[in-house]
Amino acid sequence: MESVRKIAKEGILLPAIIKGSIRHRAVVGFLIALSILMSLYAIKNSPLDAIPDISDPQVIIYSKWARSSQLLEIKITRPLILALSGVKGVRTVRGMSYLGYSFVYVIMENNADRGAVKDEVSNRLNSIRSKLPVDSQIEIGPDASSMGWVFQYVLIDEEMTHDLREMRHIQQERVKTALESVEGVAEVATVGGLKKQYQLKIYPSPLAETGVSFQELVSAVASITGEVGGRLLEVNNRDYQVRGIAKAGNIDQIESAVIGYSKNGDPVMIRDIGYIQVGYDLRRGIADFNGEGEVTGGIVIIEQNENVLTVTKRIKEKLKLIEKTLPEGISIKAAYDRSPLIMEAIETFIKTLIYELAVVIVVMVLFLKTGRTVLAPALVLLLSLLFSFLPLYLFHQTLNLFTIAGIFLAMGEMADATIVMVENCVSELAAKGAATKTERRRVIVESVIKMARPLFFSLLIIIVSFLPVFFLGPREGKLFDPLAYGKTFAMFMSTLLTFVFLPGLLLAIFGGKRALPVVKTNGLTLRWYKRSLKTVLKYKYSFLALNIIILIATFPILTSFGKAFMPEMDEGSVLYMPTTLPGMPAREAGWILQKIDGKLKKFPEVEKVFGKLGRADTATDPAPFTMIETVITLRPKSEWRKGMTREKLIKEMDSQMKIPGFVNAWTQPIRARVDMQTTGIQTTIGLKVKGASLEKVETIAKSIEALLNDYPGAKTVIAERIADGYFIDVDFDYDKLAEKGIRVDEALLHVRYALGGDNIGFIDYQGRDVPLSVQYAFDYIDTLEKISKLLIVASNGKVTPLSSVATVKVKRSPEMIRDEDGLLTGYIYIDIDGIEAGTYVERASDFLSEKLLLPEGYLVEWSGQFQYEIEARKKLYIIAPFTLLIIFILLMYTFKSTIDAILIMLSIPYAFVGGIWMQWMLGYPMTIAIWVGYIAVFAVAVQTGIIMIIFLRQALERGRSANTKQTPGDIEAAVIEGSALRLRPKLMTVSSTILSLLPVMLSSGAGIEIMKPIATPTVGGMITSTIYVLFIIPCLLTGGLQLRSRFENG
């Protein structure tokens, strides 16, 4: 064992680990068995999702106040934004004010402590609550992210025996309440239906004749029902609690209520001045299913970091139980379900992973010939694959297509290291020939230790090479961190098993008395390679010059690529999101929604359509009433028309949705919600105009719209019409009010209730509160002329027409006001066509900087996914050189030779060349997914370069020991010998990598769109990397050594 001790001097740790693992094989076996059980447990209990949760952590503040959007902006939204902007860990604060309600989104940094931020938000909210309107309702939204909308359902009345009011009541009281008890559910938001309302309709003239003022009426109606409690009353030696109960059980009872007294002192009841009817409250949202008419439904929002599949399964089980309790004829149908997408994505990748594993094993069998030889690398590969799920579980990583893609990328690299070690062991055993059991064991140990150091550093370099992925920006980091974790953990497990489990396994397989047959590389392949290499070495300088020309010729192609953030993943659903004209009546909007859904349902590729106009009852949905969101669930592609693609289908749908006043936008459910939460913009890219005046913001936005509509690359450019809401303004004249003796609060009370029909209180109906509104009868307020004649019944007994104290006019004012970080904001939506987002933004930015002159204090910001691509590219430009430097230092430490380190590092640009040409042929833009693919292939290229240098140096060392003074011919012969020894493992690596990636390149399925760009550089890079390792490294090394030999020999 003298040679072993000699090798061990070069590095004590690895030989000690290897020897220790051999000596304690029983302990290693026990730990392997334990790890198998733990890994199986991790796989079973790990949360599953289609993609990582890339939404930003947020806190939502939802405010309700029955005032205009302008007043809400001034009194609530703006103060909240200013108060919350300085919270530690908060990136931006975004607000939206609508008629009657507003949202404030506190968007956090990704590394922020969500609990601490939420506590600070609550504290600041409490501190400014006294400065906000007393009658406003302000609450913090549910603990859910924008990706929390995992399941949507509708209630279907098969027998048509229940109206929309009853259906909403069933949803609210039975379905919603029961579902919110399911573990993992943050909130169930009701959408559609009608909210029951008692409506008191007043006749102005009879009211005026009674002498009861409108203010008296409002006060009386507000207290029409109630309950009071007294103290104890002793009666007949027993204590009784005293209660006063006034509950109206029906409309007749309500109409009998006294509201005041006439001039003659007679009681005036509600029925004397009006009537009560059952109607419905103000509508914020409408829902439709399959174009068959309005429905009531629900949106199930799960808590952050929950297992989507597990929670969805609980939801479905609960819905089955709930359905049994519903009135006869009412069923619950799923309108949108994310779980099939998750299952399809996971199944697609598992099948691909199994195929890759099978390909690697088949390649091993074909090259290594015997089952004994294949057993060790195959077993290490299987265990590495299994064990990689354990640290993913311990580090709380969700199992999604990105984590599985990371393991997928590591497969070829894991196989290469074990193949090299096994093949080297087999070769040395074969060279030893007939030997005793002790000698065979010695040869195996020597062989393993000999390869340990370079293999360890090659595996370490592969792990280090993926460091740039961990330093990507917040959004892209969330997307690719799981991939990096998957690959890194897989490589770590492979490295651990290679040095702890593989040595003992090799002894068990090869250490017996049975001799191992000599396995040779195919003679024809080997002869062809030697002849080719000899020819290349003869014309090495010409060959090197040709390769330099190819390198140079590649750079123009590199600069020609478009830029984009990520390829879009097919979610199996389409989201149609047109923006409609403001001011559309609810009846007409519902009719249009039904027609849209009906048209979309007729497409053969469509399974079901769920349309939503406006918002659901949740703080997570800020949609205005002018926004339609129609989720189109598609059938499996096997059921599509021949030749139909997703792009063609959307184009056909778009041609059918040409509705006047509608601005179409097509996206996907998950992507849309994440984009809108992250940037606020529903299209891929857009612009935000910010400043102090809404009018100027809108003017600037319209100018940009006009400029960009004439600029190539965009299909449509639409600037938000901020002031497009229609309002009836009643502007009171203080002098005229004083002349008539009418108080301002009395006058405003008429606008709020008599004209506006606001809710004044609640009526208890069968244990639930039903809102009660007060308004003049519709016949008195259905035209502007009638509104001007509206009677003000003052408390001083005077009856005055509204026109005598106020001006009534229709005015266009902001229906919705956006506020970001304290600046009023307007959005511009851009739908690009035939160009990558990053490329369009770069060109359009230069164009706008030349054509647009901004007033002082106003700014224009681009917004959208392209931002993340730019940020990621900038970080890669900084991190990648440092990573390459670390790799170079590791190579220097491993080989103690600058020349060898440089030769190995040169494999990177050659791998880059193949990747670029392959990317160009397939027409992919430069995305983050493509960059990840390049990083992966660089690691493989370095690893194969390391192994080639090891074989070449060993061959040169053998030649030097036989002949002290090596001639140029001796050097060439030694290089050919060493290169030939590397031929088989290199061909195995290339074959297994390329063949295993072919299904990804050729197949389709959920998530494959993400993997194809990652696989593309790997396939192309492996081809050129093979040429470099098998031909260019021998050329460079031979040329350098021959020059040195000639110099030394004179």
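Just so you know, glycine gets a Cβ as well, placed from its N, Cα and C.
Taken straight from TrEMBL:
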TRANSMEM  26-43  transmembrane segment
TRANSMEM  349-368  transmembrane segment
TRANSMEM  375-395  transmembrane segment
TRANSMEM  401-422  transmembrane segment
TRANSMEM  451-471  transmembrane segment
TRANSMEM  491-510  transmembrane segment
TRANSMEM  541-561  transmembrane segment
TRANSMEM  876-895  transmembrane segment
TRANSMEM  902-922  transmembrane segment
TRANSMEM  928-952  transmembrane segment
TRANSMEM  987-1008  transmembrane segment
TRANSMEM  1014-1037  transmembrane segment
Best-packed against the transmembrane segment (1014-1037), counting Cβ pairs under 8 Å over 349-368, 375-395, 491-510, 876-895, 902-922, is stretch 902-922
For the transmembrane segment (26-43), the distant same-chain contacts (Cβ-Cβ under 8 Å, at least six residues beyond its ends) come to 383, 386-387, 389-390, 392-394, 399, 500-501, 504
- Query: So are the transmembrane segment (902-922) and the transmembrane segment (541-561) touching or not, going by 3+ C-beta pairs under 8 A with a sequence gap of 6 or more?
  - Reply: yes
Query raised in the report: How about the transmembrane segment (491-510) and the transmembrane segment (451-471): at least 3 CB pairs under 8 Å, pairs 6 or more apart in sequence, or not?
Result: yes
Per the Cβ filter (under 8 Å) with a sequence gap of at least 6 from its ends, the transmembrane segment (401-422) is approached by 50-52, 345-346, 348-350, 352-353, 356-357, 360, 364, 368, 373, 376-377, 380-381, 384-385, 388, 392, 447-448, 451, 455, 458-459, 462, 479-480, 482-488, 490-491, 494-495, 498, 502, 506, 936, 939-940, 943-944, 947, 985, 988-989, 992-993, 996, 1006-1007, 1010-1011, 1014, 1018
(request) For the transmembrane segment (876-895) and the transmembrane segment (375-395), check the count of CB pairs under 8 Å (sequence separation 6 or more) and say whether it reaches 3 or more. (result) no
Under 8 Å Cβ-Cβ from the transmembrane segment (541-561), and at least six residues away from its ends along the same chain, one finds 909-910, 912-913, 916-917, 919-920, 924-926, 1031-1032, 1035-1036, 1039
